[in-house]
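For 741-753, 792-810, the entry in TrEMBL reads compositional bias 'Polar residues'. Feature annotation from TrEMBL assigns compositional bias 'Basic and acidic residues' to 815-825. Look at TrEMBL and you will find 18-126, 140-236, 243-337, 342-434, 443-514 tagged as domain 'Ig-like'. The domain 'Fibronectin type-III' annotation in TrEMBL covers 536-632. Residues annotated as region 'Disordered' in TrEMBL: 735-756, 792-825. The annotation transmembrane segment is assigned in TrEMBL to 645-670.
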């Protein structure tokens, strides 16, 4: 293994470097690992060639490695390692620059290396490299206060006791840092050096052991570099624990005189299991029978108790205690009494009909309780979950009534009520509340579809409605031209509809809106589906090896952010030898980017090429390394693995391309997910009628009725924002009114007409530039200004954006997609 600190390609010098030349390249390696020292052997000119490569170490005049190509091509030249480096030096010329590989690295290899390259014509080139070698420390040893070595599971220690441990580490160059860790948390870093020896030690003191320390792992760790995994030793704490709880079962309830009852006392948390005893007042009851617990920290005891009249009001208790920990006893007691079980029934409130409950109306349920003594508590349950008063949500719970104000469709389901007194509780019958409501979009649908021009895509729209007999409507909104087209051809069945859409040009990409209506009414918010150009999927990411044996590897990745709009995907993986790039195996998967390969060579490193594809193709594969384990006999012989630093340049370039390629998809996706500015609320379909000014020959705002539930209005809604004189006929003032007034400090009055010039001032353009994140808003202002005279032109800024300019001098910044629509009136 090697770590590059910094790198300078080479220096030119004569055969022997003058003293003023110092090492310009510094490498750090770990003893037992591998390092590659670079040397550029590229000829300065095309008609020149290498004749001799010599490597020197420190002040030695004799080379430690020679490559002589004076009589042969450099690729066929003989390599001659010097004394002390036999079988450890290899000069690799397959990379640029070439490098001298030392494997394995020894402590004595540290020093200064010089690579001299002679050419047939040009002067010699010298490269000076300084190599630092790190020697890892020895394995830590953990001892108690008495000097006994501790390994594995240690103890038992009692909860609340003090604990003191010593960790010692031998050797290491440089001297290691010795730390204590509790699980994954650093708890002590105060190490010290022991005299003149090579020992480094650290004392850990825990003032009071807690329950959370049971079976926790304490680890002593030693490290002296960042290039290797720190050496460590761990112990696991075994402990005696006090009991956590004690309980009597069944829950407290009235007892009938003369009728025996079997009571069970159980306790958990104690280690070893707690000793259980029964008491009535100050008298111990000896008739109880112990039962074996389900695990080493649970105990139970059964008492057959026949109550007497004089026992009424007495306290029956069960006591749990750990015999090894003084003062650990806990107790649970009953006060004996007699009670009666409630009988409960649930029905719909008077004057309400089960088949005529609609969303938005008030509903109430009655819980009738018959009990003696009276019930102390009535609990309401909806689908098994307790219902409590929430006035803001319109839920009011009283002792025996449940009121649901302006009931929401999500309140459809099963209701129960339960009543409890000191003897027990009773549960009512199940009442299923059905709430009829207008159609709404079904959650978790596919919202983005990719399709190429002149191809078709099936867009599936699913609604939720009661009744389920729904009439569907479809509309297309272009994201570039703003055109809106109602679709007449589609299929549907109950709450599902399918539209087949085929874009022919760039204006045909945008948004498909789907909404429905049933006997309750028309859907308020349409389902919004984004139609984008299809393409190859984004590369996979977060790749890692999840398992490995001597002859197999398993690895997995996460799917890319964008599937290209054409699911399902197919994932392909190639396994190649890391050194030779020879193909070893390949596979594909249509479920997930998870692969396993077997029958491999032990102790080998492989390069994985993994990518996802759809019918539009694929992008560059993601590359990473995986390894098989070395055979056991090699491990016993002391062989050490080589961890090769994986170049990340390819991954970074791939990531950059991925980010650029997904930018458009992300923008469309964000617009789809957040179609409204902060604070803006859209009106229900047909509830708002607005004026439009997209008429060529108009001096003001011409009134046009808009009754469709278009959540992506191109111009009318934008013009309200940009100070257009409008009349909004609605029973409530939308936040769009308020934002227009706040932005321009001009009331939106039906009698106020604004001149053409006032709409196209620099102030309007300035406001427009604030909304450049939403191209549709900017497009609106541009369209309005065009429709009110003047010349509008587009000038590109060379970076994919540009500027629209009117004759008054106002500017509206636009993106590349809308640039195509620039015209002159």
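Residue positions begin at 1 at the first shown residue.
Just so it is clear, glycine is given a Cβ too, placed from its N, Cα and C backbone atoms.
In TrEMBL, annotation is done automatically, which means it is predicted and not curated.
When each of 18-126, 243-337, 342-434, 443-514 is checked for Cβ pairs under 8 Å to the domain 'Fibronectin type-III' (536-632), 443-514 comes out on top.
Recorded stretches compared: 140-236, 243-337, 342-434, 443-514; the one with the most Cβ pairs under 8 Å to the domain 'Ig-like' (18-126) is 140-236. Each residue in the domain 'Ig-like' (243-337) gets a DSSP state, and the totals come to 3 helix, 47 strand, 45 coil. For the domain 'Ig-like' (140-236), the model gives a mean pLDDT of 91.
Broken down by DSSP into helix, strand and coil, the domain 'Ig-like' (342-434) contains 9 helix, 46 strand, 38 coil.
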